[in-house]
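Report on the following structure.
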Amino acid sequence: MHALCETSAEGTSGNRLTLAFMSYKPRPSSSRMLHAGRVRSKFAPSQTHTAPPENSDDHIVPDGSNDVSHISYMRFVRMFMSGKLIFPNDLKKEHRFGIEDLRDLGEIGRGRYGRVNKVLHSPTSTLMAVKSLRLVTNKFDDSDDTRALKQLQNEVRAIQDASACPEVVFFYGLTFNEGDCLICMELMDLSLEKLYKIVHEIAKEQFDETVFGIIGCLILSALNNLKQLKRIIHRDVKPSNILLNSKGQLKLCDFGISGYLEDSIARTKDVGCRPYMSPERLMAAQEEYDIRTDVWSLGITLIEVARGEFPYPNFNDKCIFAQLQQVVYGDPLFMNPADNFSQRTVQFVNLCLTKEYTDRPTYEELMQTDFYLHYSQLQMKEENLKEYVQRMLTKTE
């Protein structure tokens with residue numbers, strides 16, 4: 001899923017909200033059920049604003065009178081997390097908000113875990129990308145082992161932690177609307193997927209190799225910073241989750257299935273986007289993997305950008321068994337001279353696509369390649385990327 005926009009917020013440091021609810025284990029209650037109302041197609045403000053009854057989950061005062069050991073999971077989230085926005089230009093100021101403060105400007109992305117809309121926060125005139133996660137369960141309690149709530153917990157925790165990295169979209173805050181949780185984030189201009197499609201399909205050009213190299217280095221640096229600063233492995237690296245803006249910035253988004261590393265090893269097997277998953281993750285017998293799974297996804301992403309299409313022909317039309325056969329047991333995928341890129345670029349992409357993960361380089365090893373050393377040390381990288389993105393955006397006008 002990607003988030004597209006026309007403007008982007010400034011700032012590089014992350015929103016520091018308390019994450020106590022991540023370790024909170026609620027007491028199951030058979031008398032409660034998480035109820036989801038109808039999805040609103042627009043973030044239309046209410047005609048009247050009536051305070052909820054004092055015993056409702058929406059009316060909670062986070063003081064000593066609330067015993068967190070006896071409240072539901074969703075009530076805990078509402079108490080400590082929702083209804084406030086923090087913007088990077090003033091990290092000390094909280095903006096209280098609700099659905100009535102948001103004006104929907106249309107859907108800009110959709111994926112496995114929800115949809116993304118371009119939204120205006122009217123009180124501050126701030127444009128945001130708002131991801132809607134539907135919280136629906138047919139269980140008669142709201143314990144945090146239900147899939148929807150675990151998804152919310154994982155995504156909010158990961159994006160808050162990851163926001164400490166300047167190469168990650170900034171997390172502003174969240175609120176609830178009937179059965180949806182609305183996660184408010186920084187808005188960017190376009191995804192890498194949209195950029196390469198403009199280049200290949202509209203401009204009818206080969207992707208500029210200097211810009212290609214800058215983008216490859218920025219993605220690698222972002223992934224390495226996630227690991228070094230927060231011990232996060234993204235696990236869903238693909239062109240639609242890499243965002244750019246007309247200021248020459250590149251940022252990662254969509255942390256719905258990201259994981260936390262234990263001794264540099266990921267121990268969970270959440271699904272990602274299968275076309276970009278590494279052979280070791282596709283193999284059912286592989287219980288553990290490390291950051292090199294994202295190195296593979298980076299390689300698939302880069303070769304797709306270079307060629308203007310996904311490198312495995314008709315991949316989505318094949319059954320799962322055929323997909324596994326092609327990626328895990330088929331011939332290795334390589335960039336070749338016919339792609340019209342320099343040897344340093346071809347070598348870098350092919351290193352990322354090393355099929356046996358124990359032979360695949362780590363982030364640190366990739367940062368010693370001729371490709372990374374060359375493009376990461378270029379002068380005016382941001383200016384080059386800015387000019388290229390702006391030029392391609394004019395092709396769509």
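Including glycine, each Cβ sits where the backbone N, Cα and C put it.
Feature annotations, courtesy of TrEMBL:
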type: BINDING; residues: K131; note: ATP binding site
type: DOMAIN; residues: 102-372; note: domain 'Protein kinase'
type: REGION; residues: 42-64; note: region 'Disordered'
* **Cβ neighbour count within 10 Å of K131 (ATP binding site)** => 26
* To do: Let me know the model's mean pLDDT on the domain 'Protein kinase' (102-372).
  => 84
